[in-house]
Amino acid sequence: MSCNYADGLSPYANKGVLGVPEQFDNESEINEKVNKLAEWLQDAKHVVVHTGAGISTSAGIPDFRGPNGVWTLERKGEKPNVNVSFNDAIPTTTHMALRGLISKGYIQYIVSQNIDGLHMKSGVTRNCISELHGNIFVEQCNKCRHQFVRPSTTGTVGQKPCGGACRRRCRGGILLDNVLDWEHDLPERDLDMALMHSTLADINITLGTTLQIIPSGNLPLKNKKNGGKLIICNLQPTKHDKKADLIIHAYVDDVMSKLCKRLGLEIDAYDPLDDPTKQPTNHDPGWTIKPQQIKDIEKTYNAKLKIAAAQRKAEKNSFTFFNVKEPSPTRKKCKTELSHLTLKSEIKTEKCSGGTITNV
């Protein structure tokens, strides 16, 4: 339950802006915006979706900063009325739609702040997702770093021992939950993958997040300097609204249903056979990001940075211009001044070695 998860975190005073009123577009506005989004998706080559707690509320898991969010109510000394167990929660329409859009090639990657495991339960594979804050159905060996999927939640948060030794027989390897506490560094492999995919994206789409947590909340902006688009779908205002190319104020399930219909796709129902948590305990589906996966995307990432740097250099040269002064009445010669247009410096490769969950 998200309440139990929140209770398991260390005390932390700055939980961001809470309880901001929600906004709703009318039906005509939603349809118009979804049509525009569908057009952009059909033309895009690399699309990344950034998900927050708002995509899991229809599964019975409360969000944190909404009008009825866990921390909003906590400030009033109250608890959410609806609070489904993580073990019992199943993927929502949005989760299943995202899985379908990945399988059809419309979406290439998901970056999630959620620890509820619903993306994994929907059937999204590990090579298509970064879980920046962890997954409550995953335990990790403190020696070999291999991640195992559990049939039930870890029962702990904050990277604490959750029982048992590493099943790969590491010498002294102990299994820990991989759910972060406030001041923990983000998992390096997940963050590196998220950064590179977000930078490569033609379109970054945010669903159900106010983007207050950093560095997660800043990743959707990584494509802007290369001309990429930012789409925000959230009921509350976000801190990056001014930089967005399209903002949709609507329930994410409604938006994803309309989007899939517009693209001619059916949204599959949740199937336990695709859920790693429902598989035999001796079956290891492999929930570890492999080094080769990072190397593969890194090649594309570095190549794009070189191309972008070359384009900026060419742009800088093309904007060099001459400013010719009118001849002076007392002189026969005219003075010619060479003016250089100052541009931003060339792109530098960003190298992440982990970040810290911090509020803005």
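Yeah, the Cβs are placed from backbone N, Cα and C, and that goes for glycine too.
TrEMBL does not curate its annotations; it predicts them automatically.
Listed in TrEMBL:
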ACT_SITE  His133  active site, proton acceptor
BINDING   Cys141, Cys144, Cys166, Cys170  Zn(2+) binding site
DOMAIN    27-266  domain 'Deacetylase sirtuin-type'
* To do: Report the residues of the chain - excluding Cys141, Cys144, Cys166, Cys170 - with C-beta within 8 Å of the mean position of the site's C-beta atoms, for the recorded Zn(2+) site, in sequence order.
  => Asn142, Lys143, Arg145, His146, Ala165, Arg167, Arg168, Arg169, Gly173, Leu175
* Once the DSSP letters are reduced so that anything not helix or strand counts as coil, what is Cys141 (Zn(2+) binding site)? -> strand
* Asked: Under a criterion of Cβ-Cβ distance under 8 Å and sequence separation of at least 6, what residues of the same chain contact Cys170 (Zn(2+) binding site)?
  -> Cys141, Lys143, Cys144
* Fewest neighbouring Cβ atoms within 10 Å: which of the binding-site residues Cys141, Cys144, Cys166? -> Cys144
* Take the C-alpha atoms of the residue listed as 'active site, proton acceptor' and Cys166 (Zn(2+) binding site) and report the distance between them in angstrom, rounded. => 22
* Express the predicted model's confidence over the domain 'Deacetylase sirtuin-type' (27-266) as a mean pLDDT, rounded to an integer. => 93
* Run through the Cβ atoms and count how many others sit within 10 Å of the one on His133 (active site, proton acceptor). => 21
